[in-house]
């Protein structure tokens, strides 16, 4: 990959202030990845709010366009846009998931999903936007079907994890769901057909036979977030306050891919880096959120020479 041949820098473009507690999650609106549409992303925080940020094409700066508040009563742990970019789902420690819609420039809470016994920790849409997954401290994963009129119906409660389920993530193109738990496993869930029951088809533990590659020794403390860019660059954020970027090595092994460190950004934030998210468009933009309450926008630049 030509990235390895260049002299690259992860340049801080802007430091966004506004949240009054740690920033847990960041999500770019996929509908704003087009070249002629202002980039938009959402951030959620321990301050019980969600903020919507929009880029100004003229100044290349991001401004807070909306603060979604007075709906969640505890920490908002996760946020995710629907594939169309029309709906935003937010998961909170108040045991609810809120669905927001941009109506005439104002974001309105159009649905509240209840059922989890306590903290909801993650939310994720499938590729078509027809299904929503949530998970939480109650060790369950819920699958919701999106119905007409912004109604959501729970079609399955998945049980199998023995500890808190910290994250859910749909496959990029297929209706296959992954869940990650404090029980040190990742479970893979699948349904044979639209009317069928969902079941765990595989549990990935520490010794999975499908394991391809391990990147270790780069961060000094717990890694909280990883994300692939459209170019295949892996960004990671961790409790060592740093961001690392990795790319697949040219010297790939016969039995699978290998990755090497592209660059490191020490002291990217003053505290833990909880979320790193690449912009889905062509620009090499990376957003990061931290325990320090800040959101930073970075650009991966190729330096001259």
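Here the Cβ of each residue, glycine as well, is placed from N, Cα and C on the backbone.
Taken straight from TrEMBL:
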REPEAT    16-54  repeat 'WD'
REPEAT    69-101  repeat 'WD'
REPEAT    113-146  repeat 'WD'
REPEAT    158-189  repeat 'WD'
REPEAT    266-305  repeat 'WD'
**OP:** Sort out for me which stretch, of 113-146, 158-189, 266-305, has the most Cβ pairs below 8 angstroms to the repeat 'WD' (16-54).
**Re:** 266-305
Original post:
Are there residues at least 6 beyond the ends of the repeat 'WD' (158-189) whose Cβ is under 8 Å from a Cβ of it, and what are they?
Top reply: 78, 119, 121-127, 131, 133-137, 139-143, 198-206
Subject >> Three-state composition of the repeat 'WD' (16-54), taking helix and strand from DSSP >> reply: 3 helix, 18 strand, 18 coil
**OP:** Averaged across the repeat 'WD' (266-305), what pLDDT does the model get? Just tell me the whole number, please.
**Re:** 95
Subject >> Helix-strand-coil residue split for the repeat 'WD' (266-305), DSSP-based >> reply: 0 helix, 20 strand, 20 coil
